[in-house]
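J.: Taken from TrEMBL, the feature transmembrane segment applies to 35-52, 104-123, 130-150, 199-219, 268-288, 326-346, 381-398, 418-437, 449-468. What TrEMBL lists as domain 'Major facilitator superfamily (MFS) profile' is 39-473. Taken from TrEMBL, the feature region 'Disordered' applies to 484-510.
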Amino acid sequence: MDSAKLYGAGLEDVRTAAVGARAERAEVDRVARKVYWGLLPLLTVMGVFIYLDRSNLSFISGQIIPALGLTSTDYGLGSGLPYLGYVVANIPSSIIVTHVGAPTWLAALMLAWGVVSACTAAVRTRAQFFCIRVLLGITEAGCFPGAWYHLSLFLDDMQLNFAFACVLAGAATAQVIGGPLASGLLLLDGMHGLYGWQWVFLVEGVATAAFGVVLFFGLPRSPTSAWCLSPAERAALSARRATEREVAERRDPSGGTTARALSDWRNWYIGAAMLLTQCGNVALMYFLPLLLRNALYGPDAAPVPPGALTAGDSHAHELARQASRIALITLALYFATMVSQVVTAWNSKRTNERRWHMTIPLLLGGVALMATEVAFARLGFIPGYLVLIVAGGGLVAYNGPVSSLPATYLHGTARAPAYGIVNSVTAMGGLLGPYLAGALSKNGTDYSTPLLTLGAFVLAAAIMLFAFPTYQRPLDDSVSIAESGEMTPSLSKREASGSLDDVPRRVSSA
């Protein structure tokens, strides 16, 4: 009888704990959704402006190359030079954001790079083009690490997985809307004596600076001042984040320091893998219009040999019309990349799995990138473009799972410099990839060699990330809560999140 009573009491305790854990998880998810709606729209629009600024050069490449007298190698180098600025400024910028706050620092960066972007319309020489591109990178550096750090103040690492993907989906969104936008602005060629490409930089630069003001006033500064949450939700979220920090500090006392972030090999390893992928991703972003121009108009039409153009003359108008058509054709690819990022991150969060969600997209993307030129040559434009869409989707689909990795082994202010390290190393791929694409493309007439080379880089990155020791957070956080002393440690993940009928009926012997 005593044994039966003990059995019943134990079972009831476990059932009560399971119900409580599920209720707590539901409340955490509900608050996270409100945080998503409060922060992600603003940060995603910031990502849109970053990639509008990066990708607009690709859309106007057919016009700016002859206007400035650039070679294919010059264009490739200039495309990648902002990433040199990222390498130099990412880590310092990431440390600054922890002291002044993300709303202030991100707004300042947006104002600065908007002005620099607009000033690109004034360049006249190859040297000026190179200098303004480096300056652009310096002013943009720290935006994504700052956003990652700010999101980590509100969300746990698996929630960050999805949030990062949404912000990075701004890249694809920028290219989806950037194509039609550039297409329309290019047709202003000759208005007030300006080239179409100059109008692209002027309009998008002014819009970027204006949004910096919106970001400053609209972005919540911390969980305690989040306008998207009720007072009770702010208090609960702040307490939960404080508890998680305490647990993390007990597990690893040095895991929240800048020194630890700088010395942790995992940050440099992730950055190296992303560097290889970034080579292919950025090269594809900047050379996609030229690659499509080759496929549509033949190799003799891409790029136009360097020479003088006059804004508004018939040659400049024809280049603007070609660039406008190609910008519209890119819509399908960039829409696919946007969807692939969000869906992959959502499924990674749903299944609590990272390794395969990083590896499989990169394997598909690398193989497709290597096969693109052959598909265009042997199968025609539409099959070749479909292969290219698979390549583009695969190269970015892994972004959410991989970007949230530092949050699984670092905590507190160490996360900001960790993201800065990863982004700085990754940025070197943005410098190397376009340069290789331009240098190996036989002056824009054959892209088979750069595509094979960059595809091999992506496959190597897939192998590196497959070998990375990923950490999976318990779905109900019961381990962390138990270590904090707020719940009995005997409640397992299955007991807390499964059906009550599945709760193991274990009773100690009387």
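Glycine residues also receive a Cβ, built from the backbone N, Cα and C atoms like all the rest.
Given the structure is predicted, the values throughout are model-derived calculations rather than measurements.
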J.: Taking residues 6+ outside the transmembrane segment (381-398), which of them lie with a CB under 8 Å of any CB in it?
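T.: Non-local partners: 168, 171-172, 277, 280-281, 284, 288, 291-292, 295-296, 329, 332-334, 336-337, 339-341, 343-344, 357-359, 361-366, 368-369, 371-373, 375, 455, 458, 465.
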J.: So, taking each listed stretch (104-123, 130-150, 199-219, 326-346, 449-468) in turn and counting its Cβ pairs to the transmembrane segment (418-437) that are under 8 angstroms, which one gives the highest count?
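T.: It is 130-150, which has the most Cβ pairs under 8 Å.
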J.: So which residues does the transmembrane segment (326-346) touch in its own chain, when a touch means Cβ under 8 Å and the partner is 6 or more beyond its ends?
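T.: Same-chain residues near the transmembrane segment (326-346) but 6 or more away: 59, 62, 161-162, 164-166, 168-169, 171-173, 175-176, 178-180, 182-183, 186, 288-289, 292-293, 296, 357, 361, 385, 388-389, 392-401.
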J.: Pairs 6 or more apart in sequence, C-beta under 8 angstroms, 3 or more of them: is that satisfied by the transmembrane segment (104-123) and the transmembrane segment (199-219)?
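T.: Checked: the transmembrane segment (104-123) vs the transmembrane segment (199-219), in contact.
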J.: Does the transmembrane segment (449-468) come close to the transmembrane segment (35-52), meaning at least 3 CB pairs under 8 Å for residues 6 or more apart?
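T.: Checked: the transmembrane segment (35-52) vs the transmembrane segment (449-468), no contact.
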